[in-house]
Every structure is written in C-alpha cells, then in structure tokens.
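Structure record follows, encoded as structure tokens.
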Amino acid sequence: MSPTIYMIILSSLATGTIITMTSHHWLMAWVGLELNTLAIIPIISTMHHPRSTEAATKYFLTQAAASALILFSSMTNAWDTGSWDITQPLTSPSYILLTMALAMKLGLAPLHFWLPEVIQGSTMTTAFIITTWQKIAPMSLIFLTMNNLSTSVFLLMGLLSSLVGGWGGLNQTQTRKIMAYSSIAHLGWMATISSIMTNILIMNLLIYLIMTTSVFLSLIISKSKTIQDTTSTWTLSPTLTIIMLLSLLSLGGLPPLTGFIPKWLIMEELILQNFNLLISMMAASSLLSLFFYLRLTYTTTLTLSPNTTQTKFKWRFYPNTHTMFIATPATISIFLLPMTPLILL
C-alpha cells in the first residue's frame, strides 16, 4: 500500500473515532463507528494472504452487526421518546441492544470470540491498532451512556471477561493471541468499574493504552511473533529486553509498576461497594493473566532457549523501525505509581 493511501486511511480511522467521541446525536455516533470500521478493513487485509482476508471478513461482520444494533437501538429509542440525544435516558429494549452492541464492539466476554482470531490474522502493527485505538470509540459511548446501562450486567460481563482473558491466554504460543486475551482481561476490569466510577474508567483506559503500546512496540521492534521468537531478543538489544520485561510485568499489574494503579483503585472501590466475592474472583483471574505474562518475561530475559542450535539468532543490525517512539510509553508504563495521588486529584 502506498504511503499516501495509508495516510488517508489512518486519518479516516482517527476521524471516525473523534466523530464518535464528540457527538451527542446517535446518528453521528453511528457514522463515526462506520467510518472507523471501513477505514481499518483495508489495513487488516494489506497482507494479501488467506488468513488476513479471513480476519478482515470476521472483523467486518462483527463490527457491522454491532453498528447495526447501535443504529436499531437508537431508532427504537427515538421512536419511543422522540429524542436522538446520547445522554438522554434509554427505553428498556434500547439499552439491552446497546449493551450487546458495545460488548461486541469492545470484545467483552461472552461476545469476545472474534478478537483473538482477527488479531492473529493481521500484522503486528494492525493488531496494535485494534487493541488500542479501536477501543476508544466504544468506550467513549459507554462513558456517555453509563447512567442508562445496567450495572449488574456490566459487572457480570467484566467478571466473565477477566476470567476468559486469564484462561484463554494460558495455552497460547503466539504473542498476538496472548495480547488479545490480555486485552479482553483488561477490558473486563474496565467494564466492572465503568458503572461505579467513570473517572477510574478513563484513567484505567489511558494506562492500558500506554502499557499495551509499550509491549506492542517492543514486539514489533524485536519481530517476536511467537514465544520462541522472544528467546533470541537478547541478541538484538539487551536494553529492549529489560523494557519488555518491565512492560509485561506492568501489564500484569505488579505493585512497583504503573499497571498496579488501576487494579488497586478498582479493587478498593469495589470493596467499598461490598462486591467482595466479585473482586476476589477477579483478583484470582488476574493471577492467571500474570502467569502468561511471567512466561513471556521468563523466555525473554531469564533463560537461554534450550534449542539454541536450531534457533536463528537475530543479528544486531540498525533497526528498521523507529525506536524513539517506545521511550515515552515505556517510561510511563514503568514509573507512574508514585504519581497516583496526583492522578486521583
């Protein structure tokens, strides 16, 4: 794909998300989501490979179905109430349809099945866009409509997503699928807090985007598509292996790192609301996620691969990709914990 076309598509992608985020009219929100979906289809299918075509088709069908549900929800609401305003209360059928549509857009369990398959079928850069930028528009709609959506449904979907994200990632060998299940688990944590404290939801989303950016850039620079590929990262750049180690541990939510902030605040808030059983189950599910992050860190930094004779080591060439962009997200995803009081203010 030529750089000009690629830039036009990326700007359309950004425009679609911004239209959805800034609109108060349901029709404009739907237009933004459609523009967003149509812009990313050619990006997914750039590889001209059956798997990427399949991923693009799956993505298109699920997102088109979700957009149609949002349109249908807003139309039935407008029919009953006469209002197209996003912030106005929704009727019962409308909010049920909207909840299903937003869960499908985000990849929340039990509507998560498309996400690992689509991410596995696309390139690492496209997977990075899907797991980060594509979550912003649906999350902004959740933020705008949270007063009208069911708290118990979101708590249940959040718990289910964190469990599915933990169990699903255990048996994976592909780094993209591991990141997909990681995304499902993190979105589960966001879904649980979304109906209780929206400011923690926004903070969690921002921290998730930064941490995922850091890990994906590490994987893109080191060209690590499988767990076995990560075993030879140390030959490419020792600094990169340390950044990858700390970013993965931060994504797992270990205390001295940034990733602990959202888990800490969400657990504190849910305990205050007396959701003790729910938060206990979610904390247990985050241990499952932590296992596959630790496995990645173990292969990346702590071991030499047992089959070094067959493994092709990476030559230390000058990197093809710009390594400058990893500095900011890596720093934020490691050192932000002492800033928690300022973030809360």
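Heads up, the Cβ atoms here are built off N, Cα and C, so glycines get one too.
Annotation comment: TrEMBL describes 23-288 as domain 'NADH:quinone oxidoreductase/Mrp antiporter transmembrane'.
As annotated by TrEMBL, transmembrane segment applies to 26-44 (among others).
Per TrEMBL, the feature transmembrane segment maps to 56-75 (among others). For the transmembrane segment (56-75), same-chain residues at least 6 beyond its ends with a Cβ under 8 Å from one of its own Cβ atoms are 26-27, 29-30, 33-34, 37, 40-41, 44-45, 84, 90, 93-95, 97-98, 100-102, 104-105, 114, 117-118, 121-122, 130, 141.
Residues or ranges marked as transmembrane segment by TrEMBL: 95-115 (among others). Sequence-distant contacts of the transmembrane segment (95-115) (same chain, six or more residues past either end, CB-CB distance under 8 Å): 33, 58-59, 62-63, 65-67, 69-70, 72-74, 76, 130, 135, 137-139, 141-142, 145, 148-150, 153-154, 157-158, 160-161, 163-165, 180, 183-184, 187-188, 191.
The transmembrane segment annotation in TrEMBL covers 202-221 (among others).
Among residues of the same chain six or more beyond the transmembrane segment (233-255), those with a C-beta under 8 A of the stretch's C-beta atoms are 182, 186, 211-212, 214-215, 218-219, 221-222, 224, 262-263, 286, 289-290, 293-294, 296-297, 300-301, 313-316, 323, 326, 330, 333-334, 337. The transmembrane segment annotation in TrEMBL covers 233-255 (among others).
Under the heading transmembrane segment, TrEMBL lists 275-296 (among others). With a cut-off of 8 Å between Cβ atoms, the residues of this chain six or more beyond the transmembrane segment (275-296) that come close are 155, 158-159, 162-163, 165-167, 169-170, 172, 175, 178, 181-182, 185, 188-189, 192, 227, 230, 248-249, 251-254, 263, 266-267.
What TrEMBL lists as domain 'NADH dehydrogenase subunit 2 C-terminal' is 290-344.
Annotated transmembrane segment per TrEMBL: 317-337 (among others), in sequence order.
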